[in-house]
Amino acid sequence: MSDNKSVLVLKVGGALLQCEMGMSRLMTAAAQMIATGQKVLLVHGGGCLVDEQLTANGKETIKLDGLRVTPEDQIPIVVGALAGTSNKILQAAAAKAGLVSVGMSLGDGNTVHAKIKDERLGLVGEVSPNDATYLNFILDQGWLPICSSIAVSADGLMLNVNADQAATALAKLVNGNLVLLSDVSGVLDGKGQLIASLNKTEIETLVKQGVIEKGMKVKVEAALEVAQWMGKPVQVASWRDAEQLKKLVLGQSVGTQIQP
């Protein structure tokens, strides 16, 4: 594998898992990039599957400021849906595209430090980069790491981590280029038009106006944090058009660029 290209860190949400065509296009694009020597790391959530499993088990989905609250009695269901079902659905899609993938979680290889984020959120974790050895080994083989957002704390707690924040920590760890992919084309203004570029001041204004809210607020704030930390833009774009990803390899902008 070539070391002269930085790692492309792709974060995908749960909605992708319900779209066979979307997964197929994304994995095909990833395979094409890896074939050229581009290292690709996939980080995923799975909120839709978590909600389905909670409902099936008679549990309620609770959110606070766009972040999932994870009570102790829900953590086995959340871990199963994210580190289990969601992760393996993506591995199956990778296999169909001819990729060698490694299914993993934030708890593998001492990759991150994890702690409770906020007692009000229950078993929700906050993670920081720790050791890239395991990830780098996988990437150096030309394999695709597919990482769920489940972490393990030093005192043995299983923690549910917001997938955008998980992707941020891993992008920092491998000094990668982060792309937050969702089922919308990027950040939209009040009229539903795509905004090509945003900086911190513009983001704060749109949050105050209620244009950026809930899940997109979490996504944009995560993107801004990593953009500032790494001194380079982060992309917020759509997995619905995986062809766009090839533009990223060429250094072209897609979706909304969040500026440092």
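Keep in mind that glycine also has a Cβ here, set from the backbone N, Cα and C atoms.
The structure displayed is predicted, hence computed values, not measured ones.
Per Swiss-Prot, substrate is bound by Gly46, Gly47, Arg68; the candidate from Asn136, Asn160, Asn175 named for the same site is Asn160. Apart from Gly46, Gly47, Arg68, Asn160, the residues listed for substrate, the same chain places the Cβ atoms of Gly14, Gly45, Val50, Thr70, Val78, Ala81, Leu82, Ser149, Asn162, Ala163 within 8 Å of the centroid of those Cβ atoms. Classification of Lys11 (site 'Transition state stabilizer') by DSSP places it within a strand.
Cα of Gly47 (substrate binding site) to Cα of Lys219 (site 'Transition state stabilizer'): a span of 14 Å. Mapped onto three states, the DSSP output places Gly46 (substrate binding site) in coil. For the substrate site, whose binding residues are given in the record as Gly46, Gly47, Arg68, Asn160, the maximum C-alpha distance rounds to 12 Å.
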